[in-house]
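> Quick one: the structure is below, and I'll ask about it shortly.
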Amino acid sequence: MASVNILKFGVSSPADTSPLKLLNHAGYHASDILGVVGKSEGVASVNRAPTIITNLTGNGCVNDFSRTLSTTVWEPLIPESAVTIFSGGTEGVLSPHVTFLVKDTKPTGLIAAVGHTRDFEPHEIGSAAQAEAVAASITSLLQASSIPQSQVQMVLIKCPLLTSAKVEAIKAASKTPITTDTYQSMAKSRYASAIGIAVALGELPGSELESVMENETSWSKRASCSSGAELEDCHILILASAPDPEGPLRAVSGYMDDAIDAPAILKCLTQVKQESGEVVQVFAKAEADPRGLIRGKRHTMNTDSDIHSTRHARAAVGGLIAGLVGDPEIYVSGGAEGQGPAGGGPLCMIYRVPSV
């Protein structure tokens, strides 16, 4: 297992790699990077940079190539073993940024493990085969890193989707795609990944995987899955609390029952406040309730022909969390199939406590 520190920096575009210099100023190097998780936007001139969790300003849909741009500029600059998880869409108040998870030589209070599944054949995307591969990879990572299931706070995954070319290739091979709708394939892939997480963490028995994939109603409370056209495998990042809480970082997880579930966020913030902590980052999932209702009241996110429902959901949930936390540089990813209850989504808050 690797002790990790978490550092977050704003970006001016999906190609902005200046945070790498800031990482160096903080005493870390690209070789220390385990993962980069990001939210970013737009398209700009291409520079070079490392592994990241990023939020992009793209639309977060099938044709969001800001994710591909970020992957292209960052991956050559980080270790081959590191993972990138780029989420498109910074609607509303969400601010484009990247979050580095870097190895630390001293205990920090948080541990992490990263890895990849095998590449998937196009017809496997969104299927039980994908869920099984994800479950197997996470189980292997947990065992190799000696991370107990109970210590895992969240598993973040970047997973593939079907393009029109892939759908045609599947048909040409006389196989059947999980769907011919490229956008729907994003949802199918997210769900398969989330079920793989649930099985690996013991939230669902592996013997039920096939039936669970068919009913599409089960979910994990510790899964964050984002689809993209920039990869053929799944990138996996496991974030966990250290067994011995030595160091300044802590994590608290929960889930929102719906898009306006402020009490779920406040519950996490209460724990932060009790320890005199300061929020470092929030990882959350958001979706428009597929039933078209929020607490019995009709919403129109699913019937808006101009703006996709996932964009509405990111803006709504992002605004709620940002307002309560006091920071718009948060990772809110749209599309929460299999991730928390329908219309809701998992939530993981990283915070720093004062040194003793």
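Placement of Cβ uses the backbone N, Cα and C atoms for every residue, glycine included.
According to TrEMBL:
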type: ACT_SITE; residues: LYS158; note: active site
type: BINDING; residues: ARG67, SER87, GLY88, ARG190, SER226, SER227, ARG314, SER333, GLY334; note: substrate binding site
type: BINDING; residues: GLU287, ALA336, GLN339, GLY340, PRO341, GLY344; note: Mg(2+) binding site
type: REGION; residues: 1-106; note: region 'RU A'
type: SITE; residues: THR310; note: site 'Important for substrate specificity'
> Return the member of LYS158, GLU287, ALA336, PRO341, GLY344 nearest to GLY88 (substrate binding site) in space, with distance defined Cα to Cα and candidates limited to these recorded positions.
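Given the candidates LYS158, GLU287, ALA336, PRO341, GLY344, the nearest one is LYS158.
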> Using an 8 Å cut-off from the Cβ centroid of GLU287, ALA336, GLN339, GLY340, PRO341, GLY344, can you name the remaining same-chain residues around the Mg(2+) site, in sequence order?
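For the Mg(2+) site, the extra neighbours are TRP219, TYR255, MET256, LYS285, ALA286, GLU337, ALA342, GLY343, GLY345, PRO346.
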> Given the binding-site residues GLY88, GLY334, GLY340, PRO341, GLY344, which one's Cβ is surrounded by the fewest other Cβ atoms within 10 Å?
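Counting other Cβ atoms within 10 Å of each of the binding-site residues GLY88, GLY334, GLY340, PRO341, GLY344, the minimum falls on PRO341.
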> Check the region 'RU A' (1-106) for me and report the mean pLDDT.
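Here the predicted model's pLDDT, averaged over the region 'RU A' (1-106), is 80.
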> For THR310 (site 'Important for substrate specificity') and GLY344 (Mg(2+) binding site), what Cα-Cα distance in Å is obtained after rounding to a whole number?
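That separation, Cα to Cα, works out to 12 Å.
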> Which of the recorded positions LYS158, ARG314, GLY334 has its Cα closest in space to the Cα of GLY340 (Mg(2+) binding site)?
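Going through LYS158, ARG314, GLY334 one by one, the closest to GLY340 (Mg(2+) binding site) is GLY334.
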> Where does SER226 (substrate binding site) sit by DSSP, helix, strand or coil?
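Looking at the DSSP assignment, SER226 (substrate binding site) belongs to a strand.
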> Go through SER226, THR310, GLN339, our recorded positions, and report the one whose Cβ sees the most other Cβ atoms within 10 Å.
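By the 10 Å Cβ neighbour count, GLN339 comes out on top.
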